[in-house]
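Q: Sharing the feature lines straight out of Swiss-Prot:
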type    : residues                                                                        : note
BINDING : LYS17, ARG18, LYS19, SER20, GLY21, LYS22, ASP23, ARG141, HIS171, ARG176, GLN180 : ATP binding site
BINDING : ASN170                                                                          : substrate binding site
Amino acid sequence: MAPLGGAPRLVLLFSGKRKSGKDFVTEALQSRLGADVCAVLRLSGPLKEQYAQEHGLNFQRLLDTSTYKEAFRKDMIRWGEEKRQADPGFFCRKIVEGISQPIWLVSDTRRVSDIQWFREAYGAVTQTVRVVALEQSRQQRGWVFTPGVDDAESECGLDNFGDFDWVIENHGVEQRLEEQLENLIEFIRSRL
C-alpha cells in the first residue's frame, strides 16, 4: 500500500547522530544520481513547518543550522514526540506526498516507528543506512553535547536497532567515504 507518493524502486532510510554527516551523504548521493532520479526527503521538514505555524516562528530559519533553530530544538523535539505518539506515521505520510522519483533517500530517520512505517508501506524496497562518525569528527563539525537533545529519543532511538542494511563510516577519511558511497551508488543503480 503506497500512500500518496509514487511507487519507489528503493527507499533508503538514513540515520545517525547529529553532525555524523547524514545530510552530507544524502546530498552527495543525490548530486551523483541526479535530482530527477533521486529525492532527498526530510522527516524534520514537515515537523518544523507545522511547529513554526503553530508557534508563529520563521520556518526557513528552523531549516538552517543557526542558533535560531537551536533555541527551539528542545521544545520542537517534545512537540514532535507528542505528535508521533498520537500518530506514529504523521510525518512519514507528509514527506512522501507527490514524490515521483524512483529513489527516495530519507535523510533523518530517528525512530524504530519511522522504519516500521516505511517497511509496512513499501516493503522489500526499504533499506536502512546508518551513518557513523567518531565523536572527535563530530566535534570538528561543530557538535557539542546538549542535554535534552543528544540524550533524547530523537537522537538515541535507533542506537540499539541492530541490523542496518548499510553502515557508512564518515570519520573524515575522504577516500574511505568515497569507496562506501561508490558501493551504495552501484547498489542503487541496480534497482533502477
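Cβ atoms here come from the backbone N, Cα and C positions, even for glycine.
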Q: For LYS17 (ATP binding site), list the number of other Cβ atoms lying within 10 Å of its Cβ atom.
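A: Total other Cβ atoms inside 10 Å, all chains included: 19.
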Q: Cα of GLN180 (ATP binding site) to Cα of ASN170 (substrate binding site): how many Å, rounded?
A: 9
Q: Work out how many Å separate the residue listed as 'substrate binding site' and LYS19 (ATP binding site) at their Cα atoms, rounded off.
A: 10
Q: Which residues of the same chain, at least 6 positions away in sequence, have a Cβ lying under 8 Å from the Cβ of GLY21 (ATP binding site)?
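A: Non-local contacts for GLY21 (ATP binding site): VAL131, ALA133, ARG141, ILE168, ASN170.
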Q: Considering the binding-site residues LYS19, HIS171, which residue's Cβ sits among the greatest number of other Cβ atoms within 10 Å?
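A: Highest number of other Cβ atoms within 10 Å: LYS19.
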Q: Looking at Cβ-Cβ distances, which residues of the chain lie under 8 angstroms from ASP23 (ATP binding site) while being 6 or more apart from it?
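A: Result: SER107, ASP108.
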Q: Mind giving me a neighbour count for the residue listed as 'substrate binding site'? Other Cβ atoms within 10 Å of its Cβ, every protein chain shown.
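A: A 10 Å sphere around the Cβ of the residue listed as 'substrate binding site' contains 24 other Cβ atoms.
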